[in-house]
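S.K.: One structure, pasted below without further comment.
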């Protein structure tokens, strides 16, 4: 890459970053937090944060990258996607009407709410315990990270249930919403994340998500300022780098340490070069249509229920890794949100996907506002827990693609909804057995004596 080509890419990168960052800043000033702000920051991080890191790798370490024209296409496709997304998100689909009282879809009481978070926590802890009994601490047993996807590891499907510990702790926080509950959420979820990191053998997702939710709650409540958020972001990058070194068993120093930091940070937070790599191989893609979305559900179907289930799930990430790149190392390479759309339908699917994503984020914000207006604090805690719990699915949406997001959000909705139903059923059984008693508030001693 020549300096002239780099200068052109730099101008496009600066304009695109300024465009998205400005819109995000105005939205932040208006509402402080909503899921549009979160998605915008995540999109900016995924598709634009990596450009400076790539530039240093190219000019400092002479690392090979995609041709400049392909990198330009990646930057422009990301900027255009966001433009279509933002217009869709801001477009009002119907006239604003004065809120009319309507019968709620469901309601919650104190016992049902506590039963819900206990059930969610139980799902996570039981899954971790079973996985541990089968595999032990994989971090100290396996020699490479790719081995966690091999036949040596049993009960891999259980990992999908680990995450429900975070929504459980979110319910606990939203019932109190004070600084002590906020700090308890951080300590409990990060401790659980470190435990799963050691048991699974290097999966950092639970730690990243817990820390991100903690920061956003702090921003909403005014407990964290922007400079504190920036400092926490730097700390998070360093922490994820250290965990990555441990995961891959790397021992580096000097220039090698700097090089490793750059490429691991880029791959962890901003895999934008994967999109460029996909566009570079555009002519090798046999567009898959909506099949990757359907195929991604296969992993949730046990083999005893479907004996003929394909052992290889050809979602967009696996198609990109195996069919386009001919890479069979055992690890799937994330195509990113835009890349998954390209795999499904080429360039035409990029604006269509942006419209779909705009509607998805609009729905989550509607649900979040519903929780903010809800007078029943128990129901509000459940709604907020569901919304913030879905942050992991939004990270999957931007990093992995639309197909992975759809299957995971449906799975999350089913498990969360089933936990609610079980909690309500248990409450009904306990109430029928006469085990539920209304809380009575005792009068102060002085008032009691006065009444006597």
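These residue numbers are counts, starting from 1, taken along the chain as shown.
Note: Cβ is positioned from N, Cα and C throughout, glycine not excepted.
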S.K.: Tell me which range among 410-430, 431-451 Swiss-Prot lists as transmembrane segment.
M.R.: 410-430
S.K.: Honestly, do the transmembrane segment (37-57) and the transmembrane segment (181-201) touch, with at least three Cβ pairs under 8 Å and pairs 6 or more apart in sequence?
M.R.: no
S.K.: Top stretch among 63-83, 155-175, 341-361 for CB pairs under 8 A with the transmembrane segment (410-430)?
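M.R.: Out of the listed stretches, 155-175 contacts the transmembrane segment (410-430) most.
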S.K.: Of the stretches 6-26, 63-83, 341-361, 378-398, which racks up the most C-beta pairs under 8 Å with the transmembrane segment (155-175)?
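M.R.: When the Cβ pairs under 8 Å are tallied, 378-398 comes out ahead.
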S.K.: Counting only pairs 6 or more apart in sequence, are there at least 3 Cβ pairs under 8 Å between the transmembrane segment (63-83) and the transmembrane segment (341-361)?
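M.R.: By the criterion, they touch.
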S.K.: Six or more residues beyond either end and a Cβ under 8 Å away: which residues meet both conditions relative to the transmembrane segment (378-398)?
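M.R.: Same-chain contacts beyond the flanks: 35, 38-39, 42-43, 46, 104, 106-110, 112-113, 116-117, 163-164, 166-168, 170-171, 174-175, 205, 208-209, 212-213, 216-217, 336-337, 357, 360, 364, 367-368, 370-372, 404-405, 408-409, 412, 416, 420.
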S.K.: Which sequence-distant residues neighbour the transmembrane segment (341-361)? Criterion: at least 6 residues beyond either end, Cβ under 8 Å.
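M.R.: Distant contacts of the transmembrane segment (341-361): 35-36, 39, 77, 80-89, 91, 275, 278-279, 282, 285, 287-293, 316, 319-320, 324, 335, 397, 401-403.
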